[in-house]
Structures are given as C-alpha cells and as structure tokens.
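S.K.: The structure under discussion is supplied below as structure tokens; questions concerning it will follow.
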Amino acid sequence: MSKLDEKKQLKCSFCGKTQDQVRRLIAGPGVYICDECIELCSEIINDEFEDDIQVDLTSLPKPTEIKTYLDQYVIGQEDAKKSLSVAVYNHYKRINSNTNNDDVELQKSNILLLGPTGSGKTLLAQTLAKFLNVPFAIADATTLTEAGYVGEDVENILLKLIQNADYDIEKAEKGIVYIDEIDKIARKSENPSITRDVSGEGVQQALLKILEGTVAAVPPQGGRKHPHQEFIQINTTNILFICGGAFDGVDKIIERRTRTSSLGFGAEIQSKKEKDLGKLLKDIMPGDLLKFGLIPEFIGRLPIVVTLDKLDREALIKILTEPKNALVKQYKKLFELDDVELEFNQEALKGIADEAINRNTGARGLRAIIEDMMREIMFDIPSQENIGKVIVNEDCIKTKKPELIEAEGGKRLPIKPKKGKKRKDSETA
C-alpha cells in the first residue's frame, strides 16, 4: 500500500481499527467511531442504567418504617396506614421468599380500599410506591370494557405500568397498580342478568386473571389488540394491585344486615350518627360486597380489605397545614415569590374545612376552595407594589377579599428566608 493510501485510510479514534476492519465508521468533528465501539459503549451505559433503576427489595423497610413515611404525607387514617404497611411488607417479603424455591409458595394478596371521596385512597397508594421506589400506575375502572367493545381493554392498565418503568419488564413486574373507581364496575343487579354487562361484570371477569397472576399480552401502542401486531409479555404474579372506590350505598347494605342481626332485648343500640363516623364500613363482610355488585371470584382476588374514615374538620385542618406539601405551605410559597407574606388565621382554616365538608368533597376539594378564595387577590398582587402582607380570615370564603397590609415605606421588599424560628400552626398558619 502506498504512503498516500495510508494517509487516506480512516481509523476509529477509540480502538484504532481501520474502516476496512469494521462494518461501519461514523465521523464526527475530527474524530471517528466504529460500530463495535458504539455497541460496547451502549452495553456499558445499559448496565449502569439497570443498576440505577433496579428495584431493591432485599433491604425491605419494616411496617413501622413504612407507616412513619406515610405519616409525613397522609393525615389521620391510622388503621388504614397500619393495614397497608403490613400488606405491602408481606407482599414484597413474599416475592423474596418465592425466589428461594421453598416447598411452601406464598400466594399474592391484593388490596381493596374502601373510603369516601377525598379520604386519601389514591394518595396512600402513590406514597407507598414512591417510598418503595417501584413503578406505579393509576388506572380508571370507568374507562374499561370487556374485550371486543368500545373502550379500553384491561391490558392497557399494564401498559401504563410498563411505560412508567421505562419499558423495563422485569422492573414493571414488581410494581404497584392502583385501579380507581372500582365500585363503578359493580354489576347493575345482585342477580345475574341475561343481557351482557360489558362495563360491569364483564370487566370484573376480564380482571380476574391479571389480579391473580398470569402472563398477559399487552399491545405496545395501547388500544385494541390486532392479530398481526407484536405484544409485550408481562407476568402479573408479583404486581401488587390496589383497588379503591367510594362504594356509595354499601353502608345501607351493612346497616340492613347488622340491624336484622341485632334484634331482641340484648341488642346493642347505636345511633345512626355514630355509625356514620366510619365505624359502619369497618363491619363490612364479603356478602355485603356481593350484594353491592361484585362477583364472588373478584372479591376472592382482593382478600385484604382496608377501610378509610370520613375526614372531619380537625383532620382537614391538619391536611391544610401539616404535611410536607400542605396546601397552605404551597400558597405561602407562591406569595413569597412575589415578596408578599401570606397568613391564614385559625378561623379561616376552620371555614375552609367546613366548606369542604358541606360540599362532600373531602381533602380533594380543599384546593378548589382556596383557589376560588384567592383568585382575585392573586390577580391583583403582582401589580400592587405597596402590599406587603395578606391575611385570610373566615369572611374571605364568602367575600373573596382578604385583609391587605401595606408594606413599610409604601413598597415591599424581598422576603428573606427565616432561620431558627418555626411558626406555630395553632396560632397562625
């Protein structure tokens, strides 16, 4: 080979191989890289990425540690938090145990969450997944229909989990799926109907195999299955399913059962008001869910039943002020970005909580109430340079006009973060 040809011969800048020794050589600004080096780099990056995202279930947190973490984000619901902590701990302990090839194989126990709207069902499931660092997906049962009808197939629930796991199937197979509004797929009548119930009993039947544990075929693009498309295979045996719903009306079923079983001179007399405080749901039996419209096989796939209490005024006030991401703290931060101090007095917090109770929205409705109160002032504050402090009182819920305090000197100054002092929520929030 001539010296001129040697100069023209291109080489990989990393391994030194010439373009004749590799399949492809890609040029950059003054450098070249061959296909072999690209493949090697890709393997190194993928290995490091897998190490970063691997679900570590060997150092499983204990139930007390799980509950302590839940306490930071979820106010009240002590019984529910304890039950969930134990259930989740046992679920992932079971996964570790079944890899040891013991004679006894532990079966999966999915969870059914019952509680009023805005009591914290979704938040509990989200917080659990965040703490355990596992993939998490939320699905809405009202969008699901039986295969072959307009709507979503049940396999689309698993697609959301796979997507949230960055298409890492092994990681997704140890995730958590929360199916909301599960009470909406109850069959329309307690008795089996001769007409097809495609969004009720049909969906329950379709969910059975996934809940129990099966290798499901998931269409990668979602939507309906087509015979000629490729599917993602995922084993649902180790996926924890948490199904939640308000189950409006099940309290009447429980009340009828307990009333008929507590007749006579020795019967315990309890007022309806006392039963409404959350004690009624704790008496729920599988037969009550059957009468509500869940089929026996579906009830059997959800052996752990956790009930949540209806939030009272005290609990709602704590939700407004105590969690790490409490609403009051969020709005204070928003105003602080405009160099304005925001203060909610105790009467205002009570009024907001009472309004949420009147609307029957629970904690979910708190943001809407505050947003409605603060809309006008949040519109005006950026333009009013003389306002240094905003105080929200009880009247503000109706008038939408909080008390405004002018800044010293007629112009507000940047707010400096306070150090060493903690404001008491009991005095002002």
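Just so it is clear, glycine is given a Cβ too, placed from its N, Cα and C backbone atoms.
According to Swiss-Prot, the domain 'ClpX-type ZB' annotation covers 1-53. Positions annotated as Zn(2+) binding site by Swiss-Prot, on the basis of sequence analysis: Cys12, Cys15, Cys34, Cys37. The ATP binding site feature in Swiss-Prot is assigned to Pro116, Thr117, Gly118, Ser119, Gly120, Lys121, Thr122, Leu123; the stated evidence is sequence analysis. Under the heading region 'Disordered', Swiss-Prot lists 408-429. As annotated by Swiss-Prot, compositional bias 'Basic residues' applies to 413-423.
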S.K.: To see if you understand the setup: which same-chain residues, six or more apart in sequence, place their Cβ under 8 Å from that of Cys37 (Zn(2+) binding site)?
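M.R.: Set apart from Cys37 (Zn(2+) binding site) by at least 6 residues yet with Cβ under 8 Å, we have Cys12, Phe14, Cys15.
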S.K.: Any same-chain residues 6+ apart from Lys121 (ATP binding site) with CB under 8 Å of its CB? Would you list them in sequence order, or say none?
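M.R.: Listed in sequence order, they are Leu113, Gly115, Asp180, Gly244, Gly245, Leu308.
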S.K.: Find, among the binding-site residues listed as Thr117, Ser119, Thr122, the one whose Cβ has the highest number of other Cβ atoms within 10 Å in the structure shown.
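M.R.: Sorting the candidates by Cβ neighbours within 10 Å, the top entry is Ser119.
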S.K.: If you run the three-state DSSP split on Cys37 (Zn(2+) binding site), which class comes out?
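M.R.: Helix, per DSSP.
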S.K.: Measuring CB to CB from Pro116 (ATP binding site), give everything in the same chain under 8 Å that is also at least six residues away in sequence.
M.R.: Ala246, Leu308, Lys310, Leu311, Asn360, Gly362
S.K.: Between Gly120 (ATP binding site) and Cys34 (Zn(2+) binding site), how many Å separate their Cα atoms?
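M.R.: Answer for this pair: 54 Å between alpha carbons.
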S.K.: Taking the Cβ of Leu123 (ATP binding site) as the centre, count every other Cβ atom within 10 Å, in any protein chain shown.
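M.R.: Result for Leu123 (ATP binding site): 19 neighbouring Cβ atoms inside 10 Å.
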S.K.: Using CB atoms and a 10 A radius, I'd like the single residue among the binding-site residues Cys12, Cys15 with the highest neighbour count.
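M.R.: Result of the Cβ crowding comparison: Cys12.
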S.K.: Can you list, in sequence order, the residues of the same chain other than Pro116, Thr117, Gly118, Ser119, Gly120, Lys121, Thr122, Leu123 whose CB lies within 8 Å of the CB centroid of the ATP site?
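M.R.: Neighbours within 8 Å of the Cβ centroid, excluding Pro116, Thr117, Gly118, Ser119, Gly120, Lys121, Thr122, Leu123: Gly115, Gly244, Leu308, Gly362, Ala363, Arg364.
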S.K.: Report the mean pLDDT of the predicted model across the domain 'ClpX-type ZB' (1-53), rounded to a whole number.
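M.R.: Summarising the domain 'ClpX-type ZB' (1-53) by its mean pLDDT gives 76.
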S.K.: When a 10 Å sphere is centred on the Cβ of Gly120 (ATP binding site), how many other Cβ atoms does it contain?
M.R.: 29
S.K.: How big is the Cα-to-Cα gap, in Å, between Ser119 (ATP binding site) and Cys34 (Zn(2+) binding site)?
M.R.: 58
S.K.: Return the residues near Cys34 (Zn(2+) binding site), defined as same-chain residues 6+ apart in sequence whose C-beta is under 8 angstroms from its C-beta, sorted by sequence, else 'none'.
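M.R.: Same-chain residues close to Cys34 (Zn(2+) binding site) (Cβ under 8 Å, separated by 6 or more) are Cys12, Phe14, Cys15, Lys17, Val22, Arg23, Arg24, Leu25, Ile26.
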S.K.: In sequence order, what residues of the same chain, 6+ apart, have a Cβ less than 8 Å from the Cβ of Gly118 (ATP binding site)?
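M.R.: Sequence-distant Cβ neighbours: Leu311, Ala356, Thr361, Gly362, Ala363, Arg364, Gly365.
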